[in-house]
Amino acid sequence: MDGFTGSLDDSMSAASVSDVNDRLSALELRVQQQEDELMVMKAALADVLRRLAASEDSATAATMKQQRGKGGGPLREAYSLSCITNGGTPGRKRDSASVTRKDTVSSAAKSGSDRKKELSSQLSQMEEIQEHEVAPHPQESSPSPSSPQNSPRPAHTSDSSKGHTTPKRGPSVKRSSGMERSQSTTWDSSEDNRSKLVKAASTSKLLAKAVKNADKHKEPVVSAASKMSTREKNSQAEGNHIKMFMRGRPITMFIPSDVLNYDDVRTELPPERLKLEWVYGYRGRDCRANIYLLPTGEIVYFVASVVVLFNYEERTQRHYLGHTDCVKCLAIHPDKIRIATGQIAGVDKDGRALQPHVRVWDSVSLSTLQVIGLGTFERGVGSLAFSKADSGQHLSVIDDCNDHMLTVWDWQKKSKIAEIKTTNEVVLAVEFHPTDPNAIVTCGKSHIFFWTWNGNSLVRKQGIFGKYEKPKFVQCLAFLRNGDILTGDSGGYLLVWTRNSADAPPAKGPRALQISRQVAAHEGSVFCMCEMRSGSLLTGGGKDRKIILWDHELRAERDIEVPDQYGTIRAIAEGKGEEFLVGTSRNFLLRGTFNDGFQVEVQGHTDELWGLASHPSKELFLTCAQDRLVCLWDSTNHKLQWSRSLPEHGHCADFHPSGAVVAIGTHSGRWFVLDAETTDLVGIHTDGNEQLSVMRYSVDGTMLAVGSHDNFIYLYNVLERGHKYSRYLKCSGHSSYITHLDWSPDNNFIMSNSGDYEILYWDVPNGCKLIRNRSDCKDIDWATYTCVLGYHVFGVWPEGSDGTDINALVRSHNRKVIALADDFCKVHLFAYPCSTFKAPSRKYSAHSSHVTNVSFLYNDSHLISTGGKDTSIMQWRLVGKASLSLTDSPVTNSAPRRAEPVVALSDPVPATPIMEPNPPPTANGIQKPSLEVSPLTELIPPSSELTPPHSESTPPPSDSTVSLKDSLEPSDDTATPSDEGLPPLTPPS
């Protein structure tokens with residue numbers, strides 16, 4: 001198998017390695033803890049090296065003081081100014097841990113004579129600066145990275161520098177409660193205070209930077225200082241900033257010049273909302289018996305925490321979103337309308353357990369009928385089945401705990417009737433006998449049990465294999481029309497179990513069954529069976545990948561082999577006419593016949609998914625995963641355009657602005673360039689031997705930045721619309737692996753984040769130099785915004801975050817909203833900019849694993865999100881505020897956007913009302929959406945505004961997704977039923 005459990009022998013089930021999964025999870029946690037310890041050790045080592053360098057600098061400074069006497073005053077003033085501008089205060093260490101080991105060592109390794117020559121040259125320049133200082137003019141702009149005086153960069157046109165407005169100094173920013181802000185310091189020219197400031201400096205790098213800046217900005221400093229008031233000079237020296245902490249480490253973010261008073265900054269909920277439109281993928285690698293055809297013509301299956309109802313003829317989807325974690329099994333009621341789905345246990349962002357349970361729901365209205373087993377199941381629901389002889393009144397459930405408890409429920413009353421331990425071995429299937437309401441059969445690893453259910457007791461009778469070889473696994477079971485039981489096992493055999501007429505009556509114990517016949521069916525395991533309406537039987541094999549049709553006498557009539565690229569068979573269901581449906585281990589859902597072969601209806605990735613990139617001018621997006629597949633998807637038709645296999649695991653990707661090629665980074669340091677139309681390989685390059693975490697083309701497509709886990713950013717010149725690459729330079733300065741980066745519109749600057757929460761800025765034209773004075777970069781505009789740390793996005797971080805909770809962030813092209821992917825299976829939508837702590841957001845659930853990436857399509861009409869271990873891809877539609885209404889709407893399917901076909905639905909079964917946990921519903925029965933809002937800000941309108949009153953005759957809500965009231969816990973999703981049918985946002989012009 002692939003996916004969660006890795007590659008296993010085809011005779012094994014994913015459930016048999018549940019203990020191994022627990023151990024792997026524990027090992028992953030331990031590795032993470034060790035990585036954290038290593039990071040702390042690295043930081044400590046860097047601090048030691050910094051202190052050694054500072055000791056040498058102190059000795060040098062003392063020597064210079066003796067030699068120069070009073071001439072050292074200007075140098076000390078520049079030295080102190082540098083310390084404060086970087087966000088510190090006298091006597092405090094630097095705020096940002098941007099001094100890397102390499103930089104510190106190189107600075108400390110300078111010879112004393114070289115350092116003296118450099119300082120001697122700069123001292124005279126600083127004296128000249130001080131002599132020319134006069135009262136400043138308040139309207140004069142201060143130097144910024146976009147100013148040509150700051151660095152000898154080539155001139156740009158007005159278009160290229162559009163985003164780099166010269167910052168205007170406003171009044172000093174006021175303190176804001178609840179945040180640590182830099183203190184306003186009065187400039188004292190006394191020798192004592194200046195000496196204290198000199199001693200407060202921590203590294204020789206700061207001294208070198210102060211002298212270098214004094215020379216580099218000699219003329220601008222004189223011009224600006226001559227027109228500044230004393231108050232503005234102090235504010236500039238302080239460098240107004242906001243500070244947040246990650247794992248005890250300070251992160252300093254400088255406030256842009258256009259923010260005159262930070263206390264006036266507010267972040268509201270975004271007016272836009274998300275509506276789940278399409279789900280790509282199917283979970284077949286570690287599940288079985290999870291596809292069925294409904295009377296509506298829809299195929300029901302699941303992936304992540306979403307149950308999908310897919311009409312393959314009309315290309316529409318509906319989604320049941322009631323689950324809070326991975327859906328693991330599925331059963332259809334005898335009426336073919338009601339459905340039961342079971343999920344595993346989970347944990348929310350606060351560490352609270354999400355209890356495993358079974359949800360029974362209506363497939364027509366998508367309304368939840370019952371929630372069963374809260375607090376009963378321990379690990380998850382492994383398999384379940386409705387009773388048949390009593391018209392589906394009862395439900396049997398197997399818990400995936402160590403004892404594999406079997407429970408029988410009257411699901412309409414939510415009452416547990418019987419419970420018993422089955423075995424410590426894996427249980428793969430449970431079924432009620434179709435004619436005997438008191439008979440239940442379970443099978444699994446090396447066993448088959450026949451249960452007799454009387455009242456609240458269950459009595460077991462074990463199947464005896466006798467002269468037949470005992471299989472390692474009894475994989476599946478079915479019932480013949482004469483009441484006999486048919487099993488398929490890991491040896492490839494079909495066994496017929498017949499009742500012994502001489503056995504005791506049911507009142508004295510379970511009926512014994514014995515093997516009456518053995519049929520060699522498949523080479524390798526018999527994974528699944530399906531009884532057809534005609535009475536014939538379909539079986540699916542593992543190793544031989546064959547589907548065989550058997551007649552009433554178990555004689556093979558026809559067979560067909562599933563192509564190798566689709567994987568082995570995991571599930572079979574009867575389709576329309578002569579068609580049958582097949583689910584495979586490589587997450588394909590096929591539709592086929594014995595005459596015409598197979599057609600792919602659903603497909604997805606089979607391993608952890610991280611890489612995502614949207615096409616710059618078409619409604620296409622590309623994904624790459626650890627299954628080595630690269631896939632290009634059409635978001636309009638919801639189909640795969642093409643796929644290609646790579647020799648290595650893909651991890652990140654980006655389209656060239658022309659859309660002609662796409663660059664894909666892998667886990668080994670190699671990156672590939674593919675033609676976006678033909679999938680031809682354009683080039684292969686290698687940067688280091690560690691994982692590449694981000695690929696980002698510049699706005700005009702002339703450069704490519706490659707962020708690596710070796711702490712470097714590699715820059716390439718790009719020619720011929722992405723078909724030729726030449727190494728330009730390498731950005732060196734991060735002390736941990738690169739996580740995110742963005743370009744400025746004119747290609748002059750790069751902003752990057754790293755694994756130890758650094759925010760660094762790079763001057764690309766001047767040799768990719770690290771910009772030491774980060775406050776100079778506060779007014780730079782960024783063409784894209786994917787960095788998770790920065791002034792414009794720091795409000796997305798939850799309180800108490802450890803720095804790993806957010807995996808990806810993206811700003812919409814119209815700069816109105818931010819989409820975020822977190823570690824708690826949620827997709828968030830924030831307003832942009834998001835510059836207040838604990839900003840409110842809209843949260844949406846569909847994934848069952850950490851959400852690894854998000855990306856807006858080029859016109860902002862849709863958002864794409866990718867799941868990690870759930871391997872799913874979700875396509876969300878953005879709907880605007882003007883169209884929002886909380887009135888009930890008819891069922892609307894997620895169809896291709898060129899048409900909205902109507903699906904003929906059968907009459908729904910009346911839904912049984914259920915009692916849900918807190919919070920209580922409003923007067924009209926709809927739960928109020930829960931929003932992540934700062935406690936200090938009341939943003940939730942009254943319930944009367946959210947939910948207009950309904951009359952008793954108002955029909956229950958119908959939607960392509962389950963309504964909020966159906967959720968097990970108070971739902972965070974704001975994609976209410978009223979969002980259905982709303983027009984998409986108007987694309988930006």
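Glycine is no exception: its Cβ is also placed from the backbone N, Cα and C atoms.
All TrEMBL annotations are machine predictions without curation.
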17-51, 297-331 - the one TrEMBL records as coiled coil: 17-51
Chain residues in Cβ proximity to the repeat 'WD' (844-878) (below 8 Å; excluding those fewer than six residues from its ends, i.e. six or more beyond): 3-4, 272-281, 283, 303-306, 319, 321, 323-327, 346, 587, 604-619, 621, 623, 625, 633, 635, 638, 807-810, 812-814, 817, 819-829, 971-975, 984-985, 987-988
The repeat 'WD' (602-634): DSSP-derived helix, strand, coil residue counts: 0 helix, 19 strand, 14 coil
Across the repeat 'WD' (519-551), average pLDDT on the 0 to 100 scale: 94
Structural state census, the repeat 'WD' (731-772) (DSSP three-state): 0 helix, 21 strand, 21 coil
